[in-house]
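Below is a structure I'd like to ask you about.
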Amino acid sequence: MLSAQQFLKEFNNVESLDESLYEIVSQICEEVKLQGDKALKNYNLQFDQVETEKLELEQSQLKNAYDMLDNETRDALEQSYQRIKVYQENIKVKQESSQQTECYERYHPIERVGIYVPGGKASYPSTVLMTATLAQVAGVNEITVVTPPQNSGICQEVLAACYITGVHHVYQVGGAQSIAALTYGTETIKKVDKIVGPGNQYVAYAKKFVFGQVGIDQIAGPTEIALIIDESADLDAIAYDVFAQAEHDEMACTYVISENEKVLNQLNTIIQEKLQYVERQDIISQSIANHHYLILAQDTEEACLIMNTIAPEHASIQTRAPEMYIDKVKYVGALFLGHFSPEVIGDYVAGPSHVLPTNQTARFTNGLSVNDFMTRHSVIHLSQKTFNEVAESAEHIAHIESLFNHEKSIHVRR
């Protein structure tokens, strides 16, 4: 257990990418740029041990995957989709009327978007729902999913989620090579305008490498959660909230903050007991051993200071009055209030996207939303009257900046 002062002194959660990957990723990207589909098939064989004749799956395969779902799985995916869709429709930015002002903004959906869906050890239909639904609501014209190939075939639930969300193209390719393909295009894969979705360090570094040639959502690090709890919290539930993050990755970070030392000690005992038989024990044990923190705060203000310093991907408040933290906890990817709003609900069915900022980037950026799949530009349409009211000031500023043709462009209209 750490005091708030000890924690704040030691805390530095800004993970840097492994610089040794730069050369590997740059070589992969260059190879895909030059060799196209051939490079993708070679990398599928090299990295995933899968020989791929066709990179693109047929739309009929997506529909078949959906049709073959059992009722419980279909209902779960559909409910998740509907909740995400309704939430995103509610927060979608509304077009301003050109009748109300001479200066306003217009929004347009991005033309083509690529979504990375992780594969390998686990499959994530929820990632499809939490990204492609947003693109669909935004009105993106062409939604492309890339996901690593499997010898047994792509996870059927992932394909079904692609069908539900109206994905236009699904390609069997993963890793840095898929990011390169989406950026540069190949014989089969069209280049996109923006790439979103989580992945491993190779994917993260590839997104960083191609940024500027294509838009990206973020460069994601390991998952993280910070919880503020008091004596009213259900400590068994809190332990599983901690395990739920820790089971993702040995590097996953979990923080529990309380003003009550006894509560933290009790929680620690429960966590250690449950660790003996918890599923995915190997991953969870490593995460708990290296990236789990119990932090004792002196008061609510100090607890919030710690939370805002961590700026976690997920923040959970499980106290008697969680609502009192709404305005005090500012820098988090998503804020979960109360016993019945565990972070895991946000992973699957709450409505907001689970693609959230990590590594303290919540201090300056936001979780993925429908509006990230749209562009905006300002429109300026002045009347002669308004022009005459502002022209002299504009002309004068141009003059003091010695931009004389700017000045003349205004002057000739007066």
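Every residue, even glycine, has its Cβ placed from backbone N, Cα and C.
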In Swiss-Prot, Gln245, His248, His314, Asp347, Glu401, His406 are given as binding substrate, so which of Thr188, Thr223, Thr375 is in that site too?
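Only hit among Thr188, Thr223, Thr375 in Swiss-Prot's substrate site, alongside Gln245, His248, His314, Asp347, Glu401, His406: Thr223.
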Ranked by the number of other Cβ atoms within 10 Å of their own Cβ, which of the recorded positions Glu313, Asp347, Glu401 ranks first?
Glu313
Quick one: pull the CA-CA distance for His406 (substrate binding site) versus Gln177 (NAD(+) binding site), whole Å only.
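That separation, Cα to Cα, works out to 46 Å.
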By CA-CA distance, flag whichever of Tyr116, Gln177, Asn200, Gln245, His248 among the binding-site residues is nearest to His314 (active site, proton acceptor).
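Among Tyr116, Gln177, Asn200, Gln245, His248, Gln245.
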Say we define neighbours as other CB atoms within 10 Å of the CB. Which of the recorded positions His248, His314 has the fewest?
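Per-residue Cβ counts within 10 Å for the recorded positions His248, His314 bottom out at His248.
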So if I measure Cβ to Cβ from Thr223 (substrate binding site) and keep only same-chain residues at least 6 apart in sequence, which ones fall under 8 Å?
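Listed in sequence order, they are Gln245, His248, Asp249, Ala252, Cys253, Glu313, His314, Thr358.
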List the same-chain residues at least 6 positions away in sequence whose Cβ sits under 8 Å from the Cβ of Gln177 (NAD(+) binding site), in sequence order, or say none.
Ile28, Cys29, Glu31, Val32, Ala39, Leu40, Tyr43, Phe47
About how far apart, in whole Å, are the alpha carbons (Cα) of Asp347 (substrate binding site) and Asn200 (NAD(+) binding site)?
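It is 18 Å, counting Cα to Cα.
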